[in-house]
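TrEMBL has this to say about the protein:
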- B:41-159: domain 'Acyl-CoA dehydrogenase/oxidase N-terminal' (DOMAIN)
- B:165-273: domain 'Acyl-CoA oxidase/dehydrogenase middle' (DOMAIN)
- B:285-452: domain 'Acyl-CoA dehydrogenase/oxidase C-terminal' (DOMAIN)
- B:469-591: domain 'Acetyl-CoA dehydrogenase-like C-terminal' (DOMAIN)
There are 2 protein chains.
Amino acid sequence: MSTYTAPLADMRFALYDFLGAETLYARLPGCESATRDVIDAVLEEAARLCEQVLAPLNAVGDQEGCRYDQATASVATPRGFKQAYEQFVGGGWSGLTAPAEFGGQGLPESMGALVKEMIDSANLAWGTYPLLSHGATEALKQHGEPWQQQAFLKPIVEGRWTGTMCLTEPHCGTDLGLLKTRAEPAGDGVYRITGTKIFITAGEHDFTENIVHLVLARLPDAPAGTKGISLFVVPKFKVARDGSMGTRNALACGAIEHKMGIKGSATCVMNFDGAEGYLVGQPHRGLAAMFTMMNTARLAVGLQGQALIERAYQSALAYARERLQMRALSGAKYPDKPADPLIVHPDVRRMLLTQKAFSEGGRALGVYAYALVDIQHHAADEAERRRAEELVSFLTPIVKGMLTEAAVECTNHALQIYGGHGYIAENGMEQFARDARITTIYEGTTQIQALDLLGRKIMQQQGAGLRHFLEEISAFCQARAKDAALAEFIGPLAVAAKEWGDLTMALGKRAMENPEEVGAAAVDYLFYSGYVALAYVWAKSVAAAEASAQDAGFKAAKRHTARFYFARLLPRTRAHRAAIEAGADSLLAMPDAQFG
Amino acid sequence: MSTYTAPLADMRFALYDFLGAETLYARLPGCESATRDVIDAVLEEAARLCEQVLAPLNAVGDQEGCRYDQATASVATPRGFKQAYEQFVGGGWSGLTAPAEFGGQGLPESMGALVKEMIDSANLAWGTYPLLSHGATEALKQHGEPWQQQAFLKPIVEGRWTGTMCLTEPHCGTDLGLLKTRAEPAGDGVYRITGTKIFITAGEHDFTENIVHLVLARLPDAPAGTKGISLFVVPKFKVARDGSMGTRNALACGAIEHKMGIKGSATCVMNFDGAEGYLVGQPHRGLAAMFTMMNTARLAVGLQGQALIERAYQSALAYARERLQMRALSGAKYPDKPADPLIVHPDVRRMLLTQKAFSEGGRALGVYAYALVDIQHHAADEAERRRAEELVSFLTPIVKGMLTEAAVECTNHALQIYGGHGYIAENGMEQFARDARITTIYEGTTQIQALDLLGRKIMQQQGAGLRHFLEEISAFCQARAKDAALAEFIGPLAVAAKEWGDLTMALGKRAMENPEEVGAAAVDYLFYSGYVALAYVWAKSVAAAEASAQDAGFKAAKRHTARFYFARLLPRTRAHRAAIEAGADSLLAMPDAQFG
């Protein structure tokens, strides 16, 4: 059975050396309390919880899954999940990054991201319950009326209640413009919500006394499409304006889904049957409100991918060191043993290094993206806040799309290293591959991330985020131009960044003439962007390691992994570039009828 | 729930137009009876069986799995599996390609491959039972003594008994040199076999009255390593020299594995406790004997990959036509509907075309490879037989490695097209992805295929197979040099083939200096080779379609798919080439301790 050890050394590197969190937090109003002492203590405590409480429940959750009881419309979570949640709440983890005014600890999101990584590495399915609460917190914090914040936010931050996001309906997932759930005004600011929502994560469970649903629905006078969608807060048990809990609301879980993975996460069909709800934000502006919560959730799902890569890597590495099979092609490396361990074989190392490069690179990229969220929320200077917002909104689809696709690849590499032993349930590797598979789908598929990146962030917003990012890369390359220790990375990085800009310009021109070029290039463009972004992260990681107080082995490992990344992963841009340049015709020319 | 329709039109194209089977079978001694009438009737009958009997059991097999009863050490297969097997045997399918002298119909393997594809598309887990019998048939046919062939082969060919291959042990899978199972001579040509074998497909089940295990074990005087392994036939119920069945043998299934997929296939732990067996072939030459059976099995697993691609594609295509979601970026294509069907979106088409290109290309490649087996077995001319053998032994790891890796990619594309609905069990898409995942592992992982290709077929055998294949491509390009309708493919194909040769030469040189270069490049070389091989197949498919009596739509679909292949998939060689040229250092330089 797979175990988990929180990678605290590399987490500290990502935060202190790569990001420079101490300097950053010291200058961001509201983040000053996040000193190194505090952070170290939080990370170590989180590691204990994740290693000792959550990780041992990961296989249990997969084997047992959630159980739905039709008679009571209730969902029982796997054995131990509820107790773990109680420990989580008892330790104050539910409000780690929430504002102090609602009972939270107000710590920076970039530090919270590392705690989230540990939770998701330890037990992804369990981690979906607090994740959704985090999303609901964001939406209410930004768009809720003061009484809603008092009544709903506080118990969520305290972990006494949890939150959900109710978007998808049977006939629409990606295309929310089609949604049918209705909201009828019933006076007194109350609305009656009627409709069916599906794929609702944590829609029903046994963790808490109440569940707060954030529901997209249409008011009677709503225009058609996405401009007629409003956001409502609809609790399982009614809540008065003073925050007191009342009777059961007219909503219930109608079924749970049997899924490929994350079986410990309750994926619910939610039936709203005239349930009482309250409007959040402006009428017909619900999609925009939901998107503020969705963007955070997308970064979070990107980190889920990275967390699974880390977890699977730990198991695969241990197995590669222990399992004896064949001799190295250049002669026995461990002649005293009956065979050499798997780790001597070059292709096993290729798979391990791919995982290591994505896990550590993904961690640094994630911490960087969340730091932009911190800057966006806290920086004193408005221009700095705006730049951070543009940059993180550009990076979000890259982080989400790239790290989740990498998670599918990397968990499968880990399984492959185990061979037949990876395909059987008992070693836990196939669970990681199954769990990872949802991450490229929920909170917007890779295809949607790609369209968000190329269609919205590049085409509609004139590539402001890309410009900021390329400027940052360029500044980094110039500052290191004479650094002999970095020369092997700076040259190729500068070339890749230049090509990224050129390719974007050329693609933009083609897309002005034919909008289908956007859809035809988007996914390859997302991958292309992801590989270049990670090249920057890896070059910067080597620089940060060199400048740090880390030991020689740590520095050498960063350098070797960066070399591997530049030699073996960055060249994948060659194939993506060719696909981008192939144009829309290669996809659109064939009439639908000829597909089969 | 997913349904299946045998793609008979494209199967006939692959056999008659692409391969030219009528001409081939007419000139191969022993294949003359396989006329077009016979083949068409066989394919149509097989389609009925697969569509109506096997396909409806696919989800059942996944839900129920196999059940092991400890008290009787017996395995119950899923509901309906045994009855389907009875229909299969009753229809004479078990001996379709087996020699007439043992009760088979002696039809060509290249035609049998299409029947196999249908079985695997319909129900991969069910298909593993007859598959293993096919392997046992091969081994006994080539290496068994006459009495063994009479006693064991006939009932297997008739389907009354099934066969297994018992290689893997708990401490060794890939590295059979480590195996420990012992065989003690007990006089009268009988050996007592003792040891534990794991991952034995169809090791125990309820289909037949007897099961014939082909077991690798060591004789008392065996040298260490792979040169001390012998092959034994060890039946579940003892068998006398006259073929009569006796008492129960001292072997039993000790457990079955819980796996990621192919849950309807019984994967058994087999305990041999002094079981009576008979030597097959020469002492200590068991591995070679097993490999004749393994090579056929590897081609067969490659086709399993292709079959899953086809099956998942059918579902994904149907869903893409029916599911309405978003509008095309260039404006509504179906303005009368509330949204456009998924198939209008370029990236959905990219995923569909990837599946189509691999399915149809993989089918043609598979038929071609199996035709080489037919030539190797039947051609009158010895030089032709030898060339076919060299060519198919070269192509086998490419077919196995490439089509199974493509199956993992393509079943995941199909799942992705379904979005969240692909992740839940009820639509069947996630089963295809889970089932596909075994194919890159069993019968030798992708890594082992890659080492077989580069280490054995290229380095040890001086690339005879590659030479034949490049000659064939070159001849094709020259013959079509002036064909304007093919010019768009011939140019790039000739360039790719030339580069394949050059890259191989350069790699070979580096590998002579450092054998680790083989392992470091092997998997990327396998992919590289696979993409070029499929480019040849696609160019030839267009040529074959143009020259055929197929209708205009069929011809156009081949051309469009070929264009997609050349524009979007062949360029993946760019990334693989860069990885090959990166060399072993990028994988080996980092000390083991620095991995984490």
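Cβ from N, Cα, C; glycine included.
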Candidates B:41-159, B:165-273, B:285-452; stretch with most C-beta pairs under 8 Å toward the domain 'Acetyl-CoA dehydrogenase-like C-terminal' (B:469-591): B:285-452
Helix, strand and coil totals (DSSP H, G, I; E, B; other) for the domain 'Acetyl-CoA dehydrogenase-like C-terminal' (B:469-591): 106 helix, 0 strand, 17 coil
Counts of helix, strand and coil residues, the domain 'Acyl-CoA dehydrogenase/oxidase N-terminal' (B:41-159), according to DSSP: 86 helix, 6 strand, 27 coil
Secondary structure content of the domain 'Acyl-CoA oxidase/dehydrogenase middle' (B:165-273), with strand meaning DSSP E or B: 7 helix, 57 strand, 45 coil
Mean of the pLDDT scores, which run from 0 to 100, over the domain 'Acetyl-CoA dehydrogenase-like C-terminal' (B:469-591): 97
